[in-house]
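*Asks:* Not my notes, these are from TrEMBL:
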- B:20-39: transmembrane segment (TRANSMEM)
- B:78-267: domain 'ABC transmembrane type-1' (DOMAIN)
- B:84-106: transmembrane segment (TRANSMEM)
- B:113-135: transmembrane segment (TRANSMEM)
- B:141-160: transmembrane segment (TRANSMEM)
- B:191-213: transmembrane segment (TRANSMEM)
- B:249-274: transmembrane segment (TRANSMEM)
Amino acid sequence: MRRLIIRRLLQTIPMIFFVSLVCFALVKAAPGDPVKTFLPPNIHQADIERIRHNLGLDQPAYVQYAKWLKESLSGNLGYSLVNHMPVTKQILDRLPATAGLMGAAIALAVLLAIPLGLAAGSNRNKWVDKLVNLFAYIGISVPLFWLAILFVYFFSIKMHWLPSLGMHTIGKKGAIDVIKHGILPCSVLAISFLSSYVRYIRSGTISQLKEDYVQIQYAFGSGKRTILFRHVMKHVLLPIITLLGMSMGELVTGAIVTETVFSWPGIGSLGMTAVRGLDYPVILGITLFSSLLLIIGNLLADILYGFADPRIKTTR
Amino acid sequence: MNRSKWRNVGAELMANKAGIVAILVLVVFALAAAFAFLSSKDPNEMNVMEKLRHPGAAHWFGTDDYGRDYFARALYGGRVSLTVGFLAMILSTGIGVTIGVISGYFGGLIDSLLMRFVEIIMSIPSFLILLLLSIYLKPSIGNLIVIISLLMWMNISRIVRAETMSLKEREYVLYAKASGQSSFGIIGRHILPNLVSVIIVSATNNVASAIMMESSLSFLGFGVQAPNATWGSMLNGAQGLMFSSPYLAIFPGLLIFLTVLSFNVLGDILRVGFEPKLGKR
């Protein structure tokens with residue numbers, strides 16, 4: 001086990017290095033001169049050169065990269081071109097809103113997907129299965145932003161049940177208000193995650209039910225429910241761990257799209273504002289940050305998988 | 001790829017009502033997009049007198065806030081979405097299959113290098129790169145297709161690599177090698193034909209994800225530029241008008257949904273048809 005963890009950790013370091021290299025290359029590829037966008041147009045050429053020198057922009061790219069990497073590793077992702085705030089602080093300020101929303105959506109999705117997937121897989125081609133399958137198909141095919149718009153229309157504009165914008169009502173405080181604002185974005189995300197989880201759990205259940213140990217349990221007289229929840233579920237949950245690790249990329253897309261539609265003040269809407277304002281340091285800070293999360297997510301998924309299924313240790 | 005497999009796929013399609021509906025939907029949408037010019041209305045013609053008309057006989061899908069005919073816009077928007085989806089699928093499949101086959105067949109250093117490369121690209125959230133690149137480049141349809149393809153070939157290359165690795169150990173491949181056939185001859189004659197089913201299934205799913213990417217990007221305002229319509233950008237415009245004209249948000253979204261749904265349904269039916277041992281779903 002320890003060897004697996006050490007090996008995966010060692011593989012992660014060059015990954016982070018290359019990802020940071022790609023991120024840096026993306027900044028360098030940005031059109032426009034980063035110095036000139038800061039300055040008034042009638043400034044002297046000599047002054048431009050001086051500022052360029054002070055910022056280290058006259059040095060070769062690899063020196064700039066080394067400096068940037070050193071700063072990034074110590075937690076300084078630079079400063080916003082628009083409001084000059086440190087990027088790291090902006091990301092960390094927005095993190096709770098996004099983490100809360102995503103955490104709630106994933107938890108909801110997993111909690112619903114397990115019983116639905118098990119029910120569908122163990123009642124193959126019966127009405128439960130068909131219903132769950134139909135729902136999952138709709139869930140993976142519906143554009144997230146359209147679902148969000150429809151929810152806003154129905155639940156906020158038509159029925160006035162729930163607020164559709166932001167995280168707080170002005171002048172109100174407290175957890176209940178935040179939860180009320182979170183219900184719609186959270187449900188939209190949960191539906192989209194849920195659908196892919198359900199499909200995995202369902203097909204996992206189907207293949208597990210064909211295994212010998214299930215037949216033996218039947219022969220010993222265990223009920224269907226016992227077999228499903230005590231034995232099949234364990235095996236079916238394994239792929240979900242990897243799926244969670246892998247779905248970090250979808251989380252990012254989900255965060256950007258839902259937070260934009262619902263004006264949720266998280267990292268996704270920060271990213272969209274930065275993209276609209278061509279605020280490269282912020283965009284790259286977020287890209288680097290989310291790539292790191294993705295790599296760590298995959299790493300954790302692999303390690304957890306190793307704990308849950310000891311066979312992995314030897315084969316990987 | 002033998003004939004019985006194709007027959008199996010055909011039977012699977014015909015036996016499945018959802019499959020027939022999916023094909024019908026896609027054929028109708030493709031024809032509508034191809035023959036959009038037959039519509040008497042110009043998708044970009046503004047008419048202030050006619051603005052925000054609800055759907056009716058004169059305007060099947062109503063008109064938007066500039067008085068443009070929404071049905072005509074949906075037709076031309078579909079043209080963009082379907083073109084991007086289809087061409088991005090071709091390009092990404094091409095890249096993915098090439099890299100996957102090379103990686104799987106030759107193995108060793110090339111394989112490790114290529115697969116590390118795939119891992120690196122996969123660990124940067126693709127939607128962020130998509131957003132970034134679409135600011136750098138002018139988002140013409142051609143650029144959009146290239147960018148989306150460059151972010152979509154990784155999965156296919158992994159699947160093809162795994163499949164190639166198992167194919168190259170088969171006896172007929174070993175025999176071909178022993179009899180002195182060149183590597184590329186073997187790949188062309190023995191490996192690729194056996195990959196067709198895997199490729200078709202992933203390619204079908206890739207069309208769906210390409211359309212989804214394009215419309216998400218256009219929805220956020222970074223796709224094909226105004227005044228040209230795509231389904232995603234139509235939704236972007238509709239968002240602020242939901243109070244008075246909810247139909248503006250319904251139609252484009254429904255079209256994206258039906259297209260993506262049809263491709264997903266087809267992809268699943270094809271997979272079952274090609275791999276009967278997976279069993280009917």
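These residue numbers are counts, starting from 1, taken along the chain as shown.
Any Cβ shown, glycine's included, is placed from N, Cα and C.
Any TrEMBL annotation is an automated prediction that lacks curation.
The shown structure was predicted, so the numbers you read here are calculated from the model rather than taken from an experiment.
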*Asks:* Suppose I define contact as three or more CB-CB distances under 8 A, residues 6 or more apart in sequence; do the transmembrane segment (B:249-274) and the transmembrane segment (B:141-160) meet it?
*Replies:* no
*Asks:* Please figure out which one of B:20-39, B:84-106, B:113-135, B:141-160 racks up the most CB pairs under 8 Å against the transmembrane segment (B:191-213).
*Replies:* B:84-106
*Asks:* Restricting to the same chain and to residues at least six past its boundaries, which positions have a Cβ under 8 Å from a Cβ of the transmembrane segment (B:20-39)?
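*Replies:* Hits for the transmembrane segment (B:20-39): 13-14, 71-72, 75-76, 78-79, 82-83, 255, 258-259, 261-263, 265-266, 269.
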